[in-house]
């Protein structure tokens, strides 16, 4: 499933085509996505200007002039592509054959910018939903989410307090969207490797007896910010289904130090160990026992 960097990459790709422009036409080719599209979905979008395009955790949020918000989630295999309204491709643009299969083009927006924005999702685990901006605090998909890891509210003090007393593993705590929003398996593995912290370590060790951040918390917050920033610059990680809006592959997977590198040499200078894999809470965890303590 796309994580924060992949979703942010999509947002950056959609912004020039959507933000500040009117949805001249909205088409739904099938309504049965992960959750059925609302009956008034097309009516509430047609003619509306997208005043802003943001992101919360792994969700895209398009603010509309009407006061509504269009929430979009990519699911497992969802992707957007942006083409000219007549379907022509920009010269030099690469489109993966999967995202070009029109049988999976479920939602299409023709924008006043001249762009056609197409949501393609073979597995149909993605979804879209419209709700009033005034009700955003009560929106079930957003309610209870922790702070954004790239936002000002996220720091070592906040993370230490959120993990104080938690006897769960550090990895499990970081995957809890109530602790920090938008992190997934890939970037948690990478951040823990950069911080030299074991995924098996208890989350409580990020705080001292006064619930103040330990050195572990300081290292980890820095590592989380760094790995997410690097991944966004690289356009995300393309392991299976993720594509940028241009159809191009992200390439951060070529920089993985831990994730999906089982048996390979650890990239920490002077370590000499090898990356290991084990199943933790139903997910593969990749780490180096030699330098992650």
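Backbone N, Cα and C atoms are what each Cβ position is placed from, and that goes for glycine too.
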Ranges 220-256, 257-293: which does Swiss-Prot label zinc finger?
257-293
With 123, 166 listed by Swiss-Prot as binding DNA, identify the candidate in 104, 196 belonging to that site.
104
Which whole-number value in Å describes the distance between the Cα atoms of residue 58 (active site, proton donor) and residue 283 (active site, proton donor)?
19
Count of other CB atoms lying within 10 Å of the CB belonging to residue 166 (DNA binding site):
18
Express the predicted model's confidence over the zinc finger (257-293) as a mean pLDDT, rounded to an integer.
95
